[in-house]
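To keep things clear, I will list the structure first and then write my remarks on it.
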Amino acid sequence: MPTSLQPSRLLSLPEHHYSAIDVQPLHQASLLAYNTELATSLNLPATVQHLENWIALFSGSLLTPPQQPIATVYSGHQFGIWAGQLGDGRAMLLGEVVSSQHEHWEIQLKGGGQTPYSRRADGRAVLRSSIREYLCSEYMHALGIPTTRALALTASNDVVYREQAETAAVVTRVSPSFLRFGHFEHWYHKGLNHDVQVLADWVLDHLYPECLQADNPYLQLFATISQRTADLVASWQAVGFCHGVLNTDNLSILGLTIDYGPFGFMDGFDPHYICNHSDHHGRYSYQAQPAIVQWNLSCLASCFLPLATEEELVAVLNGFVAQYKDAYLQKMRAKLGLYIEDEHDQELIDDLLKAMAAQRVDFSLGFRYLSQVQRNDNTIPQKLRHIWPLPDVGLTDWLQRYRHRLQQEVLNDEERAVRMNAVNPKYVLRQYLLQQAIEQAQQGNVDSMNELYQVMSKPYDEQPEYEQYAALPPDWAAGICVSCSS
């Protein structure tokens with residue numbers, strides 16, 4: 001039995017904040033992926049040979065776990081409408097481990113079966129969505145964007161039904177906490193202000209102890225969550241990431257990317273990009289994400305009304321836009337290799353994006369290949385010209401302004417290129433690459449999935465042996481649609 005698994009600290013909350021549950025084991029389970037680098041940092045076995053009990057735990061077949069699994073209750077707004085009670089409908093918290101850095105990490109099974117919050121669903125996750133979550137969690141980490149992590153991926157022969165029959169799988173997720181905005185909303189909308197405070201006290205003690213020294217720790221807690229969330233959405237926008245389902249129950253109180261459903265990374269730049277085909281009105285489109293996140297923060301702010309004044313909370317909310325814009329501008333400057341601030345930088349960035357949108361220039365490679373621009377050479381680099389359909393129309397004039405702006409910089413072209421390539425990924429976890437890996441895995445071949453994982457674990461590196469993964473997406477990839485079905 002895994003001896004390093006400790007009871008969850010959430011058990012110190014009143015019992016009505018969670019429910020004890022029984023994991024429903026997968027049948028004929030097999031371990032498809034194991035994150036050895038993450039495991040090592042969590043003081044877990046680094047090789048599969050020493051994983052027998054852990055594999056059993058990951059699949060739910062270790063019937064006497066060292067700690068009673070629990071599912072937590074939360075509520076939330078979904079597509080802007082109050083949805084009432086939700087909760088961990090297929091996620092179960094096994095316990096936690098302590099990392100080599102003495103940090104507590106919760107271990108959670110996603111797809112481990114029904115819970116009291118499953119709402120008549122089967123509590124399972126399908127292999128398709130589980131592969132997407134496993135790969136994207138770790139890709140986001142490799143990009144340097146705050147995220148929950150994926151420790152293991154376990155498959156089975158169990159059949160579950162979505163739009164069609166599929167096989168079940170479990171993703172073993174880890175995070176310092178899986179608490180969401182919706183955990184606070186649940187108690188506030190039930191009128192249980194005492195439970196709001198109890199939860200806030202727990203969060204302060206275990207996750208945000210630095211806020212305890214403030215005049216009002218609760219207000220400081222909300223302000224810190226707001227700042228982290230502003231930084232997070234700025235990071236998303238800077239890499240062309242669209243979450244797809246930014247409901248209040250899908251936002252982390254730690255400012256982490258959580259719940260990888262119908263997400264997508266843009267190919268050709270389109271500010272109106274929608275990755276979720278169920279989002280008919282574009283509520284969660286790429287360009288809407290900052291405003292939607294602020295709206296979600298306003299829902300969280302309401303929950304803090306028993307703990308801080310309305311004026312104080314509104315002041316924090318009103319500061320979100322400036323926090324987001326500052327974080328976004330800083331990240332976009334870095335993508336362009338601009339390290340000395342200029343008041344016209346935002347205009348330069350906006351004009352580039354307008355030109356890219358007009359021709360649907362590939363977002364990621366469009367920025368990556370700008371690193372090849374020479375400040376004293378008026379030619380357009382070959383790779384950059386290749387990805388612009390009409391470079392002489394939208395790119396040439398902008399490059400003239402860009403080269404003029406680069407004259408202000410201290411770094412030479414080579415030094416600037418190195419720094420730009422460290423923030424502009426060459427390799428992007430595109431929908432068609434995921435789809436190819438999923439289709440092969442569904443046929444029993446995980447080689448493509450494993451290779452994709454290896455490539456995406458170093459998205460900023462050249463990796464010339466994997467050059468095919470850095471190609472522009474094929475024409476047929478534009479027709480790939482992703483739903484919330486998982």
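Any Cβ shown, glycine's included, is placed from N, Cα and C.
Per TrEMBL, active site, proton acceptor is recorded for Asp249. The Cβ of Asp249 (active site, proton acceptor) has 22 neighbouring Cβ atoms from other residues within 10 Å, across all protein chains displayed.
Feature annotation from TrEMBL assigns ATP binding site to Gly87, Gly89, Arg90, Lys110, Asp122, Gly123, Arg173, Arg180, Asp259. A sphere of 10 angstroms centred on the C-beta of Gly87 (ATP binding site) encloses 22 other C-beta atoms.
Residues or ranges marked as Mg(2+) binding site in TrEMBL: Asn250, Asp259. In the three-state DSSP scheme, Asp259 (ATP binding site) is classed as coil. Long-range neighbours of Asp259 (ATP binding site) (same chain, six or more residues apart, CB within less than 8 Å of its CB): Val245, Asn250.
In the three-state DSSP reading, Arg173 (ATP binding site) counts as strand. Residue density at Asp122 (ATP binding site): 17 other Cβ atoms are found within 10 A of its Cβ, drawing on all protein chains shown. Asn250 (Mg(2+) binding site) carries a helical DSSP state (H, G or I). Long-range C-beta contacts of Arg173 (ATP binding site), restricted to its own chain and to partners at least six residues apart, with a cutoff below 8 Å, comprise Ala91, Ile107, Gln108, Leu109, Lys110, Glu133, Ser137, Thr148, Arg149, Ala150, Leu151. The maximal spread of the ATP binding site, taken as the longest Cα to Cα distance among Gly87, Gly89, Arg90, Lys110, Asp122, Gly123, Arg173, Arg180, Asp259, is 22 Å.
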